[in-house]
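If you check Swiss-Prot, you get these features:
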BINDING   Lys30, Arg33, His62, Arg79  isopentenyl diphosphate binding site
BINDING   Asp69, Asp73  Mg(2+) 2 binding site
BINDING   Asp69, Asp73  Mg(2+) 1 binding site
BINDING   Arg78, Lys156, Thr157, Gln190, Lys207, Lys217  dimethylallyl diphosphate binding site
Amino acid sequence: MLNSHNRTEERSTEDIILEPYTYLISQPGKDIRAKLISAFDLWLHVPKDVLCVINKIIGMLHNASLMIDDVQDDSDLRRGVPVAHHIYGVPQTINTANYVIFLALQEVMKLNIPSMMQVCTEELINLHRGQGIELYWRDSLTCPTEEEYIDMVNNKTSGLLRLAVRLMQAASESDIDYTPLVNIIGIHFQVRDDYMNLQSTSYTNNKGFCEDLTEGKFSFPIIHAIRKDPSNRQLLNIISQKPTSIEVKKYALEVIRKAGSFEYVREFLRQKEAESLKEIKRLGGNPLLEKYIETIRVEATND
C-alpha cells in the first residue's frame with residue numbers, strides 16, 4: 001500500500017499547486033465570455049492562434065477570480081458543488097488563484113504585443129478596485145447609490161470582458177473601439193445576475209437559495225428596495241444578519257417585491273438591451289451579439 005509521501009511523488013508539483021483550480025474547472029460554467037469573444041471576433045478578425053490564447057487567458061483570470069470571490073463571500077456552492085476552499089482550505093486556494101493569475105500574465109507576455117501588458121494591468125487594477133469597494137459596502141453595511149453600484153460593476157464585471165475585447169483590439173487591424181458596447185453588456189450581465197440570484201431556480205441549485213442575501217451583498221434590486229423607503233430598515237437589518245434561514249430570506253424577497261424592485265430591475269434590463277442593440281446596429285450589426293441579447297432577456301414573472 002502506498003503511503004501519502006509516495007502518492008505525492010507520483011504527481012508533479014504543478015499538479016499539486018493547481019489542484020484547487022483543476023477542481024473548479026472540472027465543473028463547467030456557462031462560458032458566456034467565450035461566446036462573447038467569438039461574437040466580437042466577427043468584427044475584429046483576430047488571428048486564430050492569438051484568439052485561442054486570449055480565450056485561455058480570460059478563462060484563467062475568470063476562474064481564478066471566482067476562487068477568490070468564493071473565499072471573500074464565504075460561499076458554500078459554486079456550479080452546484082462545494083467551493084474550492086471547502087475542499088482544499090483557504091490558504092491553498094488563495095495561493096492557487098494568485099498563481100493562475102500570474103500564469104495568465106505569462107501567456108500575455110508570450111504573445112509579444114507590448115500594449116497587451118498595459119491593458120492587463122489597467123483592467124486587473126479596475127477589477128480589484130471594484131471588488132474592494134463592494135467588500136467595503138458589505139462589511140461596513142453601507143448601502144451604495146445605484147450610480148455607485150453601476151460604477152463598481154463597470155470596474156469589476158465589465159472589466160474582464162473589457163480586457164478580452166481590448167486584448168483582441170490590440171491584435172486586430174481594426175481601429176474601432178468597442179469598449180462602450182462592452183460596458184453596456186457588462187452592466188446588463190451583472191444586474192441580470194443579481195435579479196436571477198433572487199428569482200431563478202437554476203441559481204438556487206447552483207449557488208443556494210438567494211445566496212446574495214446570505215452573503216450580505218448589496219445587489220441592484222436590494223439597493224433599490226432599501227433606497228425606495230429609507231425609513232424601513234427591515235431589509236437592511238436582514239442583510240446585516242447574513243441570513244441562512246429560508247423563511248427569513250422569503251420574507252426579504254417579499255419586502256423587495258412590495259418595493260417594486262423586481263419590476264424596476266426588469267425595466268432597467270430592457271433599457272440596457274435596447275441600448276446594446278442600438279450600439280450594435282451603429283457598429284454595423286453583429287448577428288452573434290444580437291442572438292446573445294435575445295437569449296438573455298428576462299421575462300416578466302408574477303411578482
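Glycine is no exception: its Cβ is also placed from the backbone N, Cα and C atoms.
It should be emphasised that the depicted structure is a prediction, and the values quoted were computed from it without experimental measurement.
Within the set of binding-site residues Asp69, Asp73, Arg78, Thr157, Gln190, the entry lying nearest in space to Lys30 (isopentenyl diphosphate binding site) is Arg78 (CA atoms). Neighbour counts of Cβ atoms within 10 Å were compared across the binding-site residues Lys30, His62, Arg78, Arg79, Lys156; the minimum falls on Lys30. Recorded residues Lys156 (dimethylallyl diphosphate binding site) and Arg79 (isopentenyl diphosphate binding site) have their alpha carbons 20 Å apart, per Cα-Cα distance.
When the alpha carbons of Arg79 (isopentenyl diphosphate binding site) and Lys217 (dimethylallyl diphosphate binding site) are compared, the span between them is 19 angstrom. The isopentenyl diphosphate site in the record is lined by Lys30, Arg33, His62, Arg79, and its two most distant CA atoms lie 16 Å apart.
The 10 Å shell around the Cβ of Asp73 (Mg(2+) 2 binding site) contains 19 further Cβ atoms across the protein chains shown.
When the CA atoms are compared, the binding-site residues lying within 10 A of Asp73 (Mg(2+) 2 binding site) are Lys217, out of the candidates Arg33, His62, Thr157, Gln190, Lys217.
Note on Asp69 (Mg(2+) 2 binding site): other Cβ atoms within 10 Å of its Cβ, all shown chains, come to 17.
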